[in-house]
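Here TrEMBL flags Y148 as active site, proton donor. Per TrEMBL, the feature active site, proton acceptor maps to K219. Taken from TrEMBL, the feature (S)-malate binding site applies to R201, N469, N514. According to TrEMBL, the divalent metal cation binding site annotation covers E290, D291, D314. The domain 'Malic enzyme N-terminal' annotation in TrEMBL covers 125-305. If you look up TrEMBL, you'll see 315-583 marked as domain 'Malic enzyme NAD-binding'.
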Amino acid sequence: MAIFWNRARSSSSPLLQRIKRHVITGGDYFILSRSFTTLEGHRPTIVHKRSLDILHDPWFNKGTAFSMTERDRLDLRGLLPPNVVSPDVQIERFMVDLKRLEVQARDGPSDPNALAKWRILNRLHDRNETMYYKVLINNIEEYAPIVYTPTVGLVCQNYSGLFRRPRGMYFSAEDRGEMMSMVYNWPAEQVDMIVVTDGSRILGLGDLGVQGIGITIGKLDLYVAAAGINPQRVLPVMIDVGTNNKKLLEDPLYLGLQQHRLDGDDYLAVIDEFMEAVFTRWPNVIVQFEDFQSKWAFKLLQRYRTTYRMFNDDVQGTAGVAIAGLLGAVRAQGRPMIDFPKQKIVVAGAGSAGIGVLNAARKTMARMLGNNEVAFQSAKSQFWVVDAKGLITEGRENIDPDALPFARNLKEMDRQGLREGASLAEVVKQVKPDVLLGLSAVGGLFSNEVLEALKDSTSTRPAIFAMSNPTKNAECTPDEAFSILGDNIIFASGSPFSNVDLGNGNIGHCNQGNNMYLFPGIGLGTLLSGSRIVSDGMLQAAAERLAAYMSEEEVLKGIIFPSISRIRDITKEIAAAVIEEAVEEDLAEGYHEMDARELRKLSRDEIKEYVINNMWNPEYPTLVYRKD
């Protein structure tokens, strides 16, 4: 019988007291552990390599921080400078170098500083993972835009030229029939989180083929930094089924398959084989689908969501963040969130992200209205959807089946002075919406004409959500919105913008409504709950917890999303909400030694403590050598 107490936790904590009572009264004991993720920092880690092999392995390399005892034990004496440097001094030295080199590292004047920063950080990642994540976590507000949007878009566009060292796995159309054996080439015995893309719709940049792996690497960096998923248990994946990007097909330096994309049953066969392979080796893994073109995003989600532990971040993550923002906008108008079903919402964009938001918002409204069929039908009347062809009505020929539920009735539109294909400006002018939501990937779509039309909104404080990424694809900038509509609006974007100085000490707050607020917590909560699926209820609980995160004082100032600097605390809250919902829906099966029965006994505060105890922190473990 053994119980490992976490040094960092007080013995007076409610969760530990409960465990003690359980043991003392003769109940079944269990190990309170962070297992591989946290106790690894408090007990030695067994390694099977020494000397230069350790120094060249980013998972275990500590550089000049190796103690003299470890240097002797691991045959490192003489291979490092004699001075043992603390991790804090290592980071200080790195930061000085980064600030000095970020300009010099540019490849000419056309190369932005952000990409130079990415190169320097990537080199650190290649040689010392623990230090890399410590730097990232300690400077998350500055470096999240470097490892993730918007800089990751530049990285993906240039990935063939930036490629130096492989990270993640590549499955291609040429590997059909071999994927089940290929997964065993990955060295980790356990993988908790996979982010996978086929490169067909990277951010708003289109088909980038195999270069899209950059987005999966960036997402997993945030899983580690925000959610504390152990970096040795994450796996970025590219499924290369070809590309329809003419430039890449003709580029001799392109690293992917230079053939047109597979389609139909051939395409599905590749994805099916991949899913079967990874879940055969790692039955408890969670797979996040990322940046699949709309054509496949919904089909793959429906195909796998009830049989595999997976979700689609573009469809479900974007929807959750948008719902949180929409609920926050209601609060910022001085109204209770229950008033959300009264909001008139114009949505620009009917791709996977747009339809995902529409479906989630409709379900949220329906639940507030009674959660029945009548409520569900009533809720759709609050949305007007505009795509590249204009307003979508029932008169549209060859209408996308996913958009059909939101097509407006022609007679009703005629009474409103609108028609099939009406322009965005016309729709805004006639509807006078409370919210203008952009998920179009069309930069500048919210033109001066559109923003001028929003002046007639019936809302006391209209909300503008320019959610498309990267920055150049934002439907408008905060400067444009505040300059035309004044300071009494709510503004949010998908990529980071600076707040706007409105004069007289007033600030126009630019909220970054980015998926990073949700997907790390959804993944962590799913992992720790042991739920076999990611349910709609779990996603909704995540969105509602995010919406409630901001204080009343903050939302009344127009701040509806928190600072990125608080991302680790936000993720803890989101993960706890996901676990609570999984327990409520009787989906939770437990994680490691915390079985479903014990999980159901935990209070809300104890669930948060459980989450914290299972978040990895970037601390150097003591290394002990053992022969294979």
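Glycine is treated like the rest: Cβ placed from N, Cα and C.
Cα-Cα distances to E290 (divalent metal cation binding site) place R201, K219 within 10 Å, out of the recorded positions R201, K219, N469, N514. With a 10 A radius on its CB, K219 (active site, proton acceptor) counts 29 other CB atoms from all the protein chains. Counting in whole angstrom, N469 ((S)-malate binding site) lies 11 from Y148 (active site, proton donor) by their C-alpha atoms. Among the residues the record lists as binding (S)-malate, namely R201, N469, N514, the two farthest apart have Cα atoms separated by 17 Å.
D314 (divalent metal cation binding site) sits 11 Å from N514 ((S)-malate binding site), taking the C-alpha atoms as the reference points. Mean pLDDT for the domain 'Malic enzyme N-terminal' (125-305) in this predicted model: 94.
Considering only the recorded positions Y148, K219, D291, the residue whose Cα is spatially closest to the Cα of R201 ((S)-malate binding site) is D291. Among the recorded positions Y148, D291, N514, the ones whose Cα sits within 10 Å of the Cα of K219 (active site, proton acceptor) are Y148. Residues near Y148 (active site, proton donor) in space but far in sequence (CB under 8 A, at least 6 apart, same chain), listed by position: G218, K219, D221, L222, N514, M516.
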